[in-house]
Amino acid sequence: MPIAKISPSLLSGDFGILAAECKRMVSHGADWLHMDVMDGHFVPNITIGAPVISCLTKHLDAFLDCHMMVSHPEKWVDDFAKAGASLYCFHIEATQNASALIDQIHAAGMKAGVAVKPKTPISTVMDLGDKMDMCLVMTVEPGFGGQRFMAECIPKVKELRAKFPNLDIEVDGGIAMENIDAAAEAGANVIVAGTSIFKADDITGTIETFRNKVNSEQALLAKK
C-alpha cells in the first residue's frame with residue numbers, strides 16, 4: 001500500500017531564503033520537497049536550476065522531488081543527479097522516448113517520475129507503469145502557482161490507481177482542504193501543495209491532515 005508523502009511546493013516559498021524555507025517545511029513534517037524547474041520554453045517562466053539544487057543539498061538532508069517543466073529533459077539528467085536531486089520527473093509531452101529517459105534517470109541514481117498536463121490523456125503513460133517510480137497528474141496547467149484546482153483531472157488518478165495499486169501517484173496544482181478528499185479518494189498518495197501549506201495558520205496541522213486523509217483512503221483501497 002503506497003503511503004502518504006506530503007511535498008510542499010517551494011514555488012510558494014521565499015526564494016531569497018530558499019534553504020531556510022526548505023528546513024522550515026521539513027520541521028513542520030514535510031516528507032518531500034517539491035522543486036519546480038522551468039526553462040522558459042516548455043512553460044513561460046524560468047525558475048531554479050541544478051546549481052540551486054546543489055546549494056540546497058549542502059544544507060539539507062531531504063528528498064528533493066524535482067518537477068522538470070523543461071524542453072529536452074534528457075539534457076539535464078546528469079546535472080541534477082550530480083546536484084543531489086532525489087527524483088527527476090519529466091513531462092511526457094517533452095520527450096520522444098520516455099522509456100529510454102527513465103532508464104537514463106535510473107542509471108544516474110535517481111527515481112524517475114512522468115508528468116502529464118491536464119489535457120494530455122492518461123493513456124500516454126499507461127505502458128510506463130512498471131518502469132516509472134511515480135506518475136504526476138497535473139491538476140492545473142504547469143507554469144504558475146496559485147491556480148484553480150481542475151477537478152476534471154481526477155479521473156486520471158483513479159484510472160492509474162486501478163491499474164497500478166503500488167505506484168506513487170502525485171497530484172500538483174491547487175490542492176487545498178476543500179479538494180484533498182477528492183484527490184485522496186481517487187488514489188493519489190503524493191500531495192504537492194504550495195499556497196495551502198505555506199499560507200496556512202497551522203502548517204504542521206495542515207500537513208498532518210493531508211497525510212491522514214491520504215493514508216485512510218489508501219487503506220480503504222487496499223481492502224477492495
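Backbone N, Cα and C atoms are what each Cβ position is placed from, and that goes for glycine too.
Sequence annotations record features per position, and here TrEMBL assigns substrate binding site to SER9, HIS67, GLY143, PHE144, GLY145, GLY146, GLY174, GLY194, THR195. Annotation source TrEMBL lists divalent metal cation binding site at HIS34, ASP36, HIS67, ASP172. Marked as active site, proton acceptor by TrEMBL: ASP36. Per TrEMBL, the feature active site, proton donor maps to ASP172.
A map of TrEMBL features onto the structure.
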residue: SER9; record: substrate binding site; CB count, 10 Å: 24
residue: HIS34; record: divalent metal cation binding site; CB count, 10 Å: 28
residue: ASP36; record: divalent metal cation binding site; CB count, 10 Å: 24
residue: HIS67; record: divalent metal cation binding site; CB count, 10 Å: 27
residue: ASP172; record: divalent metal cation binding site; CB count, 10 Å: 26
residue: GLY174; record: substrate binding site; CB count, 10 Å: 22
residue: THR195; record: substrate binding site; CB count, 10 Å: 16
For ASP172 (divalent metal cation binding site) and THR195 (substrate binding site), determine the Cα separation and express it in whole Å. 12
Taking only the Cα atoms, work out how far ASP36 (divalent metal cation binding site) lies from GLY174 (substrate binding site), in Å, as a whole number. 14
Rounded Cα distance, in Å, between HIS34 (divalent metal cation binding site) and GLY174 (substrate binding site) is 14
Note the Cβ centroid of HIS34, ASP36, HIS67, ASP172, the recorded divalent metal cation site, then list each other residue of that chain whose Cβ lies within 8 Å of it, in sequence. SER7, SER9, LEU11, MET35, ASP65, CYS66, CYS89, LEU136, VAL192
Between GLY174 (substrate binding site) and HIS67 (divalent metal cation binding site), how many Å separate their Cα atoms? 16
In whole Å, how far is HIS67 (divalent metal cation binding site) from THR195 (substrate binding site) when you measure between their Cα atoms? 17
Can you give me the Cα-Cα distance between SER9 (substrate binding site) and HIS67 (divalent metal cation binding site) in Å, rounded to a whole number? 10
